[in-house]
Amino acid sequence: MTAVEPATKKKRISKKNKSAWRKTDIQDVEQFLEDQRQEERVGTFADKQDEDLFVVDSSLPKTKATVLSVKQKRKLNAKKPMRSYQALENTSKVQDPIAKRNHVRQKKNGRNIELEVCNPTKPRHRQANSDRAQYYVKLEQRLADKKNKKLDVEKDIWQEVDFRDEIPGLKDEKGWISRELALHTAGNIGKKVVKTHASLHHKTTKAKKFELPHPGMSYNPAPEDHQALIDQVVEREEGIIKKEQHLKRVTTSMFSKVTPEERDRRRLNEMSQGMDEEEGSELDEDVQTNGKKKEDDDEKPYHTINAPVENKKKSKQARRNELKQKELARQTELKRKLKQQTADLIRIKSIRHELDDEEEDLNDLKKRRKQRAEKAKFEPKRLGRHKFEEPDLDVNLPEDIAGNLRNVKTESSLLKDRFHTLQRNNMLPTTKLVSRKKSKVKRFERNSHKEPGVSYNDLKERRRAAAAAAKATANIKI
């Protein structure tokens, strides 16, 4: 069978004369006859088997190229050998003439950890291997439990459960125990309903919630307690005064105070130092040099500013001497190092003592830093801009002690003390009193209110005197 070609519209040609018959298209007849002859030679399609006519396509179907992400590309590149090692690869096609090589392995210095693990010889190595094996067993068990963990699908997540039903005594029918009280009680008996972070239960300060005042602050204190309080206040004030004196010594006292006129005069003298002497000498030199300048210019030979450069090469003898000097310096340095080593061997005991002292100092420093860090845990934290400072102690002098509550002198405020306690316990940030800025308003008196011949300041003084007189009169009546 032949493939059927699609029919095409033939072009009509005039065949009126016999000579025009040669224009007739006989291509289809010739093609049919050629197909007949071909079938007679090789046979028709019906006579052949399917295996001769068709071929089974066993090739894999072509898939579209998948676009890899950056992470997948990074993983594929990690499996490839590094480019820095490509220079070490053998790219030659010539075979190695030496089929087998005897590699000489040098003995490594120090411990061979791999050998100690594989062939333990000491008890601590065996103990380490057993601990390592137990750790891996526990790790595999933990990973297996995590993999085989089943989710609790039987639990209804939308079901509302009251925690008071599980804890006896927290739910009553009359409603005396509220939900907030039950929640607080459950947390205190070890059955917390709301899980909180562990850091909330760590103590951050050693300060007490309510600290009793010093016994010397009593309205009728014992003489010893009152004296101890005074000593404590005096010691604190001495520290403050000492600090102020130090700051004054290193700042104000280091510089002398002068008036602006004196300062300008000193600066002028300093900047004009040596100018008067130079002016007189310069005039004399100019007169002398001007006459000799022309004569010197004629006598001096011409020369360039930069000296000519000569490329002088070292001789063999100079190079040999230079090498000898370098070798001599090297030998001298070796002798010095050998001498230093010999001296160190002689004083090895003193070096050992120095190392011990240095190690002891280092341990003391570590201990102090650890103590300082432990102490800083419980100090008042800086929760805001300002650092907490202990308030001043209230103290009465011996003549101010009343002895009874009726004549006691008020020194402090309970609200202030409580406020400082909250700041000390890291509950409130430390603040400072900020006064509101009072705007400076310039006042003018109207012309209609002015008295002739009296200024504004005089009127102000009169009003102030009148107010003081009225106040004095009111006090006398009382």
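Count begins at 1; order follows the chain as displayed.
Even glycines carry a Cβ here, placed using N, Cα and C.
Annotation source Swiss-Prot lists region 'Disordered' at 90-110 (among others). Below 8 angstroms of C-beta separation, not one residue of the same chain at least six residues beyond the ends of the region 'Disordered' (90-110) sits close to that stretch.
Look at Swiss-Prot and you will find 100-110 tagged as compositional bias 'Basic residues'. Per-class residue totals from DSSP over the compositional bias 'Basic residues' (100-110), listed helix then strand then coil: 0 helix, 0 strand, 11 coil.
Annotation comment: Swiss-Prot describes 253-323 (among others) as region 'Disordered'.
Taking Cβ pairs closer than 8 Å, the compositional bias 'Basic and acidic residues' (259-269) reaches no residue in its own chain that is 6 or more past its ends. Under the heading compositional bias 'Basic and acidic residues', Swiss-Prot lists 259-269 (among others).
The compositional bias 'Acidic residues' annotation in Swiss-Prot covers 275-287.
The region 'Disordered' annotation in Swiss-Prot covers 440-459 (among others).
Annotation source Swiss-Prot lists compositional bias 'Basic and acidic residues' at 442-452 (among others).
DSSP states for the compositional bias 'Basic and acidic residues' (259-269), grouped as helix (H, G, I), strand (E, B) and coil, give 10 helix, 0 strand, 1 coil.
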